[in-house]
C-alpha cells in the first residue's frame, strides 16, 4: 500500500528519506518507492541494542517492509 507521507524508501537498503531526494545517503542508490510500511527509528545507536544487532552506527530511519520484502 502506498504511503501518504513525505518520506520514500530506498529500494536497495530501506533507508527513509524525504520525497524528492535524488541519492540515498546510506547506500548511494537512486531508486526510491512509496510502497513501504513500518518504520524503525534509531536515534542513539551507541546505546541501542537493536542498532548493535543490525550493525547501525549512526541515526537513521528505515522501512521495515518494502512491498512484501523485509528490509531489516
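Every residue, even glycine, has its Cβ placed from backbone N, Cα and C.
As given in TrEMBL:
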| type | residues | note |
| --- | --- | --- |
| DOMAIN | 7-67 | domain 'Spt4/RpoE2 zinc finger' |
| BINDING | 10, 13, 24, 27 | Zn(2+) binding site |
Legend entry - Collapsed DSSP category at residue 24 (Zn(2+) binding site): coil
Legend entry - binding-site residues (10, 13, 24, 27), the one with most neighbouring Cβ atoms at 10 Å: 10
Inset, instruction - Give the three-state DSSP assignment (helix, strand or coil) for residue 13 (Zn(2+) binding site). - result: coil
Inset, instruction - Could you tell me how many residues in the domain 'Spt4/RpoE2 zinc finger' (7-67) are helical, how many are strand and how many are coil under DSSP? - result: 9 helix, 24 strand, 28 coil
